[in-house]
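Worksheet for the structure shown next.
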Amino acid sequence: MPLVDGGSKITNYIIEKRESTRKAYATAITQCDKCSVTIPNLAEGSEYYFRVSAENEFGIGEAIETPDPIRASQAPSPPESITVTDVTKNSASLAWTKPKHDGGSRITGYVIEAQKKGTDQWSHVTTVKTFDFTIKNLNENEEYIFRVMAANLSGRSSPRQSKSTIIKEQNTEPEFDLRAVCQKTVIAKAGDDIKVEVPISGRPKPTVSWQRDNQALKLTQRTNVENTPTSTILKITECVRNDSGIYSVTGKNVVGSVTENITIKVHDVPGPPKGPIKLDKVAPTFIEISWDTPENNGGVPINNYIVEIRETTSQTWVELSTSVIRTTFKSSITIAWNKPVYDGGSEITGYIIEVCPLEEEEWAIVSPKEGLKATSFTITNLKENQEYKINISAVNSEGVGEAAAVPGSPKAEDRLLPPEMDLDADLRKVVCLRACNTLRLFVPIRGRPVPEIKWTRENDEPLERATIENTSSYTLLVIGNVNRSDSGKYILSLENSSGTKTATVNVRILDTPGPPQHLKISKVTKESVSLEWEPPQNDGGTKIKNYVVEKREATRKAYATVNALCHKTSWTVDQLQEGCNYYFRVLAENEYGIGQPIETSESVKVSEKPLPPRKITLQDVTKNSVTLSWEKPEHDGGSRIGAYVVEMQGKGSDKWTQAVIVKVTEAIVSGLTPGEQYMFRVSAKNEKGSSDPRQIGVPVIAKDLVIAPSVKLLFSTFSVIAGEDLSIDVPFNARPKATVSWAKDGAPLKRTTRTNFSSSEKMLNLSIKEACRDDVGHYVIKLSNSAGETTADIGVIVLDKPGPPSGPVKVEEVTADNSVKIVWTKPEYDGGSKVTGYIVEKKELPEGRWLKANFTNVIETEYVATGLVEGQNYEFRVIARNAAGVFSMPSYSTGPITAKDEIDPPRISINPEYTQTIVVNAGDTFKIDADVHGKPTPTIHWIKGEQELSNTIHREIKNSDSTALQTTVLKIKKLLEGNEYIFRVLAV
């Protein structure tokens with residue numbers, strides 16, 4: 001709170017915010033009556049300044065601002081995984097991955113703790129900023145568990161725990177994990193980047209070296225090797241054909257050595273056919289040419305050649321054919337036949353082949369002039385796609401025999417071949433690959449015409465992430481950065497006009513598991529929630545080891561781990577806060593880590609069905625209805641009561657019938673049979689179900705009641721500020737209906753434009769508009785019916801300004817020492833609340849202003865004004881203030897008063913009997929008192945004879961201290977017998 005409240009009570013605080021990147025403040029909360037507040041709806045990760053201003057009845061004061069910006073963030077989520085990478089006889093090396101969520105603030109470090117088996121205590125090890133650390137000075141042969149927490153400016157995350165680890169020297173041979181490299185072969189297109197990551201294990205940590213084609217690998221700007229604590233990585237950027245080869249990786253430690261070979265194939269376009277081009281045959285209408293295959297086929301078989309021609313008078317090349325599959329360009333038909341059954345009695349010496357286009361009749365001999373000895377022949381120089389008629393004639397020494405026609409109409413075109421594919425032996429087994437690597441399925445194909453190639457997945461799963469390259473001789477499917485969703489069956493289909501071919505490749509991606517299935521809430525209590533689920537559809541290629549169960553409050557973003565080692569498919573999360581809403585999620589874990597979560601779609605309120613309602617009260621009963629009320633249950637089960645169910649049971653019946661459902665703790669059950677006897681019971685209902693019923697104590701008979709009037713007033717005195725309206729409700733009960741009369745201060749209350757009174761079946765009301773002093777008083781309500789009568793008293797106080805202090809305001813003493821004593825009487829009317837003080841005002845005459853004379857509250861009805869100027873004329877008046885904080889009108893003034901001493905000679909007032917001779921018995925006590933007047937205050941002396949008296953054992957003199965009137969008393973004890981005494985009092 002402010003040190004200075006401005007003289008008035010602080011009524012409100014205003015809170016403002018601004019982002020650190022802005023200059024203007026925005027109002028966050030306008031109404032706050034406390035000294036603390038939570039500001040919602042901030043942007044996560046943003047920095048804010050805040051300022052607070054106090055407000056009283058006079059306005060808003062200056063603000064106080066936070067000196068530094070505050071980041072809106074929370075603690076991060078835990079590290080994703082933690083692995084023990086190495087163990088010696090006194091140390092353990094850890095590695096972990098960063099959290100999924102940093103809580104909106106940069107991770108400042110990681111806190112490492114260790115716990116020895118058999119203890120509950122976690123020991124702080126260190127805080128680091130890296131993702132690995134070696135913990136030293138551990139006890140040999142002891143078993144430890146380690147955990148790591150991420151920290152930011154808002155705090156620490158929940159911990160991520162390691163497996164239990166025994167600290168001892170564990171020497172093992174190096175071992176490479178090549179499951180991520182399909183068939184130990186990496187295929188890439190020229191220009192792509194190659195990354196081969198090979199996990200390596202072994203203790204002590206192996207040293208790693210790479211070779212290519214049995215030579216140490218030369219590291220260049222394009223080729224380099226990176227070694228991490230758990231793997232070795234070969235990187236080749238913008239690969240070329242010359243990067244193809246066999247790469248060897250070797251790991252060595254004191255235990256042994258291991259070497260693995262990886263084949264890298266870079267596919268590129270082929271080199272040029274090897275020349276020169278040979279002119280094998282030149283004729284008037286055709287040229288037969290041939291060439292040699294390229295020295296570099298691009299890493300895959302040559303699919304076909306493209307033959308182009310250019311006239312010497314032109315600069316333009318024209319395609320002759322794009323599908324030449326041999327190194328000789330010609331159109332041909334190869335035929336074969338058997339020898340004649342009968343040789344005419346003479347040995348067959350040769351054969352003559354004739355051809356003729358199908359639509360023509362001009363035959364031409366195409367066999368060699370010297371004759372053809374063989375029984376097969378390739379007819380060349382034919383027109384592509386032209387159909388021909390072909391005759392074959394045998395020749396012996398007697399001449400040419402009858403021609404035999406080749407069946408059909410042979411056409412000069414490529415022969416059709418059904419599709420075929422050559423699946424590698426590794427592709428016929430299950431292809432296992434580590435997540436985050438690249439899947440490459442390379443399959444050589446053949447067929448004429450070139451088959452149509454189609455890759456699909458089982459159950460029509462999408463292939464959106466796959467890159468597919470198809471040629472006439474192979475197909476290649478590539479998926480980079482594979483994950484568990486890429487596991488399954490890949491179906492390759494080939495189809496051309498000659499047939500179809502299908503093959504299936506089974507792929508298993510070794511990854512963290514997919515999300516568990518069918519998470520459901522099986523039970524909810526006021527402090528726990530029971531979960532059930534099914535194993536993941538995709539286990540990541542390896543057995544599920546355990547599940548991780550997490551929770552988060554609906555108002556938070558970060559999850560907290562409940563159980564990191566759950567070995568069944570159900571778990572009860574306890575120690576929850578009753579009435580709070582929670583989300584839950586479950587993650588499966590295998591040897592590769594923790595997988596994706598399944599989360600409850602809606603928040604779950606931690607609650608259960610409520611307890612029964614408490615005491616049921618019969619409020620009213622008529623011949624056909626009953627009015628019941630009851631108390632709320634002691635416990636609502638952690639969830640708001642949504643309704644109450646009222647049931648009834650007639651006498652002689654075992655059946656309970658629902659009568660009414662209400663949301664309040666009172667109900668009217670109507671439609672009862674007059675004179676019948678009923679039992680009633682009430683159940684509370686929340687979102688979890690209905691409570692056990694609470695039954696009324698005794699049966700109820702449906703009949704009209706006779707009830708004497710009674711009033712249920714909580715208060716008997718009501719106050720209202722003058723000028724405001726007052727409404728007083730008076731609950732009552734009466735059966736039959738009571739007559740009502742109102743009185744004020746002993747006289748009947750009359751209705752006016754400001755005052756009104758009314759009644760209903762259960763309520764009386766007094767209404768006063770613009771209350772004033774006249775409304776103050778004692779009000780009496782009288783109710784009566786045939787069963788009796790009652791009265792209720794109500795006091796009304798109107799809080800108004802009090803009357804002025806009563807006068808006249810008197811000045812009792814004026815002195816020249818700058819002071820005046822003023823006396824008054826309290827106001828006749830206190831304004832409805834006690835007068836708590838007065839303000840005295842003074843005015844210098846003749847032309848001064850009224851100024852406050854007192855600076856502290858004056859409680860009594862007198863005041864001494866000091867600091868006056870001698871000889872100056874003054875005037876004084878008084879203002880009253882009551883407990884409502886309202887000030888009266890000023891009193892009448894004192895009139896002019898001059899600040900100077902008043903002079904009054906001393907005089908003594910004494911009872912006349914003391915002026916006569918008084919006889920007193922010996923031993924008696926004698927007492928004389930007198931009043932002394934005079935200004936300035938006189939000095940008093942008692943004299944006996946000529947001697948001044950003073951106090952002795954038997955004589956006591958007392959003088960009062962009043963400044964207005966002094967009293968003096970002479971008291972003498974044990975007077976002596978026979979003596980005569982004369983006393984006198986002298987005022988000076």
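Using the three backbone atoms N, Cα and C, a Cβ is placed for every residue, glycine included.
As annotated by TrEMBL, domain 'Fibronectin type-III' applies to 1-75 (among others).
Taken from TrEMBL, the feature domain 'Fibronectin type-III' covers 78-170 (among others). In the domain 'Fibronectin type-III' (78-170), helix, strand and coil residues by DSSP number 0 helix, 47 strand, 46 coil.
For the domain 'Ig-like' (174-265), the DSSP-based tally of helix, strand and coil residues reads 6 helix, 54 strand, 32 coil. According to TrEMBL, the domain 'Ig-like' annotation covers 174-265 (among others).
The domain 'Fibronectin type-III' feature in TrEMBL is assigned to 318-415 (among others). Computed over the domain 'Fibronectin type-III' (318-415), the whole-number mean pLDDT of the model equals 82.
The feature domain 'Ig-like' is assigned by TrEMBL to 410-508 (among others).
If you look up TrEMBL, you'll see 515-609 (among others) marked as domain 'Fibronectin type-III'.
Annotated domain 'Fibronectin type-III' per TrEMBL: 612-705 (among others), in sequence order.
Positions annotated as domain 'Ig-like' by TrEMBL: 709-795 (among others).
For 804-902 (among others), the entry in TrEMBL reads domain 'Fibronectin type-III'.
Here the domain 'Fibronectin type-III' (515-609) does not touch the domain 'Fibronectin type-III' (804-902). Their Cβ atoms form fewer than 3 pairs under 8 Å, with each pair 6 or more residues apart.
Helix, strand and coil content of the domain 'Fibronectin type-III' (515-609), in residues and according to DSSP, is 0 helix, 52 strand, 43 coil.
Summarised by DSSP class, the composition of the domain 'Fibronectin type-III' (612-705) is 0 helix, 47 strand, 47 coil. The helix, strand and coil residue counts that DSSP assigns across the domain 'Fibronectin type-III' (804-902) are 0 helix, 48 strand, 51 coil.
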